[in-house]
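Trainee: Please find one structure pasted underneath; my questions will follow.
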Amino acid sequence: MRVVVLPTSAEVGEAAAAEIAAVVTERPDAVLGLATGDSPLGAYAALGRRVERDGLDLSRARGFALDEYVGLDPSDPQSYNAVIDRTVTTPLRMRAGAVRVPAGAAADLDAAADAYERAIEESGVDIQILGIGANGHIGFNEPGSAFTTRTRVVALSERTRLDNARFFATPSDVPTHALTQGLATIMRARRIVLVALGERKAEAVRAAVEGRPSAACPASVLQDHPDALLVVDEAAASRIAVSSSAVNRFPRLLARR
Ligand code: F6R
């Protein structure tokens, strides 16, 4: 696991976009793993600028979303299906339907989870973008999730439901369950780029980078990934020891690619 600390969220977004753009440039039909939430929005916006300005072409790329709420119709504006359409598929000019999202409204959720896991296994993921929850979750793999987990139905923690209440009319409207890729599913991606912004994520980032890998901090599983990069702003990095050898503070990262 490598950690790159950049001064601002804008630079974090640019750096994460550069990682994705490099993969797509090398392999136009790349398979992207896509997180929702606020953290990757800067990266998606920066990628959109590369599409508009530099002619980056994602028309052959495909993707898999990390997760979806249970019980929201795909047409619900807060469903991750709709969020992916608004923030990824449309602005990045990907083909309609190029990004698959777990079927959170399916009658048989276990069958939907198995089908999703199989589809990811068959296609592989070239680069997976992640955010991190304040409690260390990745995807909706809450603390306590085994490192061997695959795509499945999970209950959301109260903390996660409160954190996500900002997107809903009232906190009780936040779904109680989600379909999520498991930690083992995420770990099969060839490359992983996790984005973390703000002081609210500092403790989770510290536990992910410096803690002993354990289900108490699901993101700590990434320590065992051969190509995982954490791109974080100063506030999110504020609890990592300055001496930590995995950490590169303010590199000339953008000049590198
Ligand atoms: C989203 C997801 C979650 C978020 C995490 C951080 O698809 O799987 O793990 O990445 O909850 O959310 P934000 O970025 O909104 O702080």
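Just so you know, the numbers here start at 1 and follow the chain as drawn.
Including glycine, each Cβ sits where the backbone N, Cα and C put it.
TrEMBL lists these features:
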type     : residues : note
DOMAIN   : 10-224   : domain 'Glucosamine/galactosamine-6-phosphate isomerase'
ACT_SITE : Asp67    : active site, proton acceptor
ACT_SITE : Asn135   : active site, for ring-opening step
ACT_SITE : His137   : active site, proton acceptor
ACT_SITE : Glu142   : active site, for ring-opening step
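Can you walk me through where each of these features ends up in the structure?
Mentor: Following the DSSP three-state reduction, the secondary structure of Asp67 (active site, proton acceptor) is strand.
Under the three-state DSSP scheme, Asn135 (active site, for ring-opening step) falls in the coil class. Annotation for Asn135 (active site, for ring-opening step): same-chain Cβ neighbours under 8 Å, separated by at least 6 residues, are Glu142, Pro143, Ser157, Arg159, Thr160, Ala204.
His137 (active site, proton acceptor) counts 28 other C-beta atoms within 10 Å of its own C-beta, drawing on all protein chains shown.
Taking all protein chains in view, 21 other C-beta atoms sit within 10 angstroms of the C-beta of Glu142 (active site, for ring-opening step). DSSP assigns Glu142 (active site, for ring-opening step) to coil, not to a helix or a strand.
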Trainee: Just to be sure I understand the contacts, which active-site residues have a Cβ under 6 angstroms from any atom of ligand 1? Candidates are Asp67, Asn135, Glu142.
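Mentor: Going through Asp67, Asn135, Glu142 in sequence order, those close to ligand 1 turn out to be Asp67.
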Trainee: In Å, rounded, how far does the Cα of His137 (active site, proton acceptor) sit from the Cα of Asp67 (active site, proton acceptor)?
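Mentor: His137 (active site, proton acceptor) to Asp67 (active site, proton acceptor), Cα-Cα distance: 12 Å.
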